[in-house]
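Swiss-Prot lists 118-128 with the feature compositional bias 'Basic and acidic residues'. Residues or ranges marked as compositional bias 'Pro residues' by Swiss-Prot: 130-139. Annotated disulfide bond per Swiss-Prot: Cys14-Cys29, Cys30-Cys75, Cys50-Cys91, in sequence order. Swiss-Prot lists 102-139 with the feature region 'Disordered'.
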Amino acid sequence: QETCGTMVRALMPCLPFVQGKEKEPSKGCCSGAKRLDGETKTGPQRVHACECIQTAMKTYSDIDGKLVSEVPKHCGIVDSKLPPIDVNMDCKTVGVVPRQPQLPVSLRHGPVTGPSDPAHKARLERPQIRVPPPAPEKA
């Protein structure tokens with residue numbers, strides 16, 4: 001696990017952007033952000049990185065939190081492991097990756113038809129099981 005100092009040094013080139021002094025993050029900023037994103041795969045790593053970034057944000061009071069959250073987008077980091085970080089947020093919450101919601105069984109296997117659906121009505125009108133007529137009785 002990287003130390004806070006190493007993480008913050010990797011992100012130092014981002015300072016002019018997150019302070020609003022530059023319109024785009026530099027290549028050095030994006031390089032550091034991509035490296036940090038690649039090293040925050042587990043919950044504890046994300047919590048540690050969040051706490052380090054928060055400490056840096058408190059040290060440099062002129063950092064714009066909105067610009068911090070834009071770094072991944074500007075640097076082409078898709079599906080960043082770290083959520084936008086705010087100085088006041090509880091970093092322990094970034095250690096939990098939300099589970100993807102499960103679809104109801106009915107949606108996993110196609111649409112469910114209801115009484116007003118013509119397909120449903122057609123199924124009701126034709127019998128599902130065909131029973132042959134009884135054989136004529138012999139007299």
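Placement of Cβ uses the backbone N, Cα and C atoms for every residue, glycine included.
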In sequence order, what residues of the same chain, 6+ apart, have a Cβ less than 8 Å from the Cβ of Cys30 (disulfide bond)?
Val71, His74, Cys75, Gly76
Distance, Cys50 (disulfide bond) to Cys14 (disulfide bond) (CA atoms, angstrom):
16
Let me know the DSSP-derived helix, strand or coil state of Cys75 (disulfide bond), please.
coil
Residues near Cys91 (disulfide bond) in space but at least six apart in sequence (CB under 8 A):
Val47, Cys50, Glu51, Gln54, Ile85
